[in-house]
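Working notes, structure below.
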Amino acid sequence: MKTNIINTWHSFVNIPNVIVPAIEKEIRRMENGACSSFSDDDNGSLSEESENEDSFFRSNSYKRRGPSQREQHLPGTMALFNVNNSSNKDQEPKEKKKKKKEKKSKADDKNENKKDPEKKKKKEKEKEKKKKEEKTKEKKEEEKKEVVVIDPSGNTYYNWLFCITLPVMYNWTMIIARACFDELQSDYLEYWLIFDYVSDVVYLADMFVRTRTGYLEQGLLVKDRMKLIEKYKANLQFKLDVLSVIPTDLLYIKFGWNYPEIRLNRLLRISRMFEFFQRTETRTNYPNIFRISNLVMYIVIIIHWNACVYYSISKAIGFGNDTWVYPDVNDPEFGRLARKYVYSLYWSTLTLTTIGETPPPVLDSEYIFVVVDFLIGVLIFATIVGNIGSMISNMNAARAEFQSRVDAIKQYMNFRNVSKDMEKRVIKWFDYLWTNKKTVDEREVLRYLPDKLRAEIAINVHLDTLKKVRIFADCEAGLLVELVLKLQPQVYSPGDYICKKGDIGREMYIIKEGKLAVVADDGITQFVVLSDGSYFGEISILNIKGSKAGNRRTANIKSIGYSDLFCLSKDDLMEALTEYPDAKTMLEEKGRQILMKDGLLDINIANMGSDPKDLEEKVTRMEGSVDLLQTRFARILAEYESMQQKLKQRLTKVEKFLKPLIETEFSALEEPGGESELTESLQD
């Protein structure tokens, strides 16, 4: 048999041309099956390419080609190659595909909704629910978790501290008393239970208030709920608060109602009482009195606890067994509850204050208790009494300092043989200052405050008074603040002259309190009486050109009684006006208008221009400044010359030091082999 061997080099030579259309159909069927998603244009282009390939093979079937070339021109491979290329070129972007999918899904939904209206309603409800859930989630995420926060420096927080202090003090005083005096617990059990559980409710409410109490972080109040809770939990007080609300009352079921000492854990909330006392001390206007009363309360509580312990020890030893313990309760006189407590309180007071005069102890346990009481009395009461003494001395410190000043002035007047009338006037003036609380030096008190707070206090106190002056009514706020800080309070006695006619005016005055009289030269005849809010001397400190009175006083002003005035000096006003030139011109214009109304302005002199005296003063000032600059320049020049001389001396020293070294190096270079030695020395 003869076998036909197919030559792979000419794979299409022995194949008849009739087989090609069948292969093309087969390839087209594969293409249509694999690429049905392509458009009709793509299919048309593929068919054109396949026809071109047929003609190409018919014309070049007998030409020699390599395997790669034959492979490229095979009908099937060529078609698939072109399909892949066209799919890569015509591939749509992802966004367009997504849009097409959305459109298809919407169209499908519409078709389904037309068919099933119930499904449509269900889908709409589901969509609404999803939208609501998304909105709530977004709100929760966007919210900063801010809640109603209590400001720790506000009145609400302070009032709550007062509310929580009451149950704390109740527990600290009554639990120990009820535990030691059985009648007190059994006779009023219903009332104690009500008070106990009301205090427990207040304790629980206090824990909630703590989680809503803000704190300052970089000067800003923190209002984040989670931060507040985390800060409270991280604090030691949270653990104490939890321990203080543990329901130990359940032990009543086992031990009975006569054991109120099981509620001793309620005493752990004492820090709230201390906080209330501290805030009250800062708020009250009488801090020394409050401190003293606070210490007295501590003393009473210590004596109360010691009295209860004494009675319980007497009960343990046996009433009336010896002279030291409480007497026999079978005696009607000592069987009453009031007598039991008062007797124990009396014994505790005598013991802790180390006064004594109590029956001596008999048993060893009694001796130990008395020794402990004496130690407590010595340590605690010594500190408490010392604090009270220091507080009382602080309360009298101002009076003592004031009295020392008065005594020093009295000694001076006696030494200088001052008349008795003058001495009486001085003493009366000091008495007026003390009784009216005008001994405080405002500058000394406000010295420790920052400038901003000091200015605000001065504005609150003096700004309204300064605005009453006509020339300052329309001035800038900044200038008024500057002037307010420069006002000086002064007090004048009855009959004192504030100013006399013809005196040079260097100050203006504003009456804060009191009455002043404009009197004649005899000092008796009164023309006008000035009262609170009046002012005078404002024109003289402006030194307006053309004033007929110049800068001298035009009237005699005398104090009728004790008068409080504010004084503003000319130098302070001019210093403030240097930063406000527009305000200066406005004040001068107002002063001219006032003088024109009163007929005290010479218009010709006012319109003459600048005064030659002022020009001379300016020239002298300029000459002085030039002289100062010359002296400074000469000093700088002398310093420069001295520095230059020192630099020259240093350079000469360096030359002397380096000259022999350089000469030796150059001499070594001139010798044969010197260069190599020099390089070796440099390398070393």
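Glycine residues also receive a Cβ, built from the backbone N, Cα and C atoms like all the rest.
Residues or ranges marked as 3',5'-cyclic GMP binding site by Swiss-Prot: GLY537, SER540, ARG553, THR554. Under the DSSP three-state reduction, THR554 (3',5'-cyclic GMP binding site) is assigned to coil, being neither helix nor strand. On its own chain, THR554 (3',5'-cyclic GMP binding site) has LYS501, LEU600 as residues at least 6 apart in sequence with a Cβ closer than 8 Å to its own Cβ.
Per Swiss-Prot, 3',5'-cyclic AMP binding site is recorded for ARG553, THR554, and the stated evidence type is similarity to another entry. Neighbour list (ARG553 (3',5'-cyclic GMP binding site), Cβ cut-off 8 Å, at least 6 residues apart, same chain): CYS499, LYS500, LYS501, GLY502, ASP503, ILE504, GLY505, GLY537, SER540.
Sorting the region 'Cyclic nucleotide-binding domain' (477-597) by DSSP state (H, G, I as helix; E, B as strand; all else coil) yields 35 helix, 40 strand, 46 coil. Taken from Swiss-Prot, the feature region 'Cyclic nucleotide-binding domain' covers 477-597, and the record attributes it to similarity to another entry.
Computed over the topological domain 'Cytoplasmic' (1-161), the whole-number mean pLDDT of the model equals 54. What Swiss-Prot records for 1-161 (among others) is topological domain 'Cytoplasmic', and it gives a curator's inference as the kind of evidence.
If you look up Swiss-Prot, you'll see 184-193 (among others) marked as topological domain 'Extracellular'. If one looks beyond the topological domain 'Extracellular' (184-193) by at least 6 residues along the same chain, the residues whose Cβ comes under 8 Å of a Cβ in the stretch are 174, 177-178, 257-258, 260, 337.
The annotation topological domain 'Cytoplasmic' is assigned in Swiss-Prot to 215-239 (among others).
Taken from Swiss-Prot, the feature topological domain 'Extracellular' covers 259-263 (among others), and the record attributes it to a curator's inference. Below 8 angstroms of C-beta separation, residues 171, 175-176, 178-179, 185, 192, 196, 248-249, 251-252 of the same chain, each at least six residues beyond the ends of the topological domain 'Extracellular' (259-263), sit close to that stretch.
According to Swiss-Prot, the topological domain 'Cytoplasmic' annotation covers 283-289 (among others). Residue counts for the topological domain 'Cytoplasmic' (283-289) by DSSP state, with H, G and I taken as helix and E and B as strand, are 4 helix, 0 strand, 3 coil.
What Swiss-Prot records for 314-336 (among others) is topological domain 'Extracellular', and it gives a curator's inference as the kind of evidence.
Residues or ranges marked as topological domain 'Cytoplasmic' in Swiss-Prot: 397-684 (among others).
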Cβ contacts under 8 Å made by the topological domain 'Cytoplasmic' (283-289) with residues that lie 6+ beyond its boundaries:
158, 391-392, 394-395
Would you count the other CB atoms within 10 A of the CB of SER540 (3',5'-cyclic GMP binding site), including those on all shown protein chains?
24
Give me the largest Cα to Cα distance among GLY537, SER540, ARG553, THR554, the residues the record lists as binding 3',5'-cyclic GMP, in Å as a whole number.
9
Cβ-Cβ neighbours of GLY537 (3',5'-cyclic GMP binding site) (radius 10 Å)
22
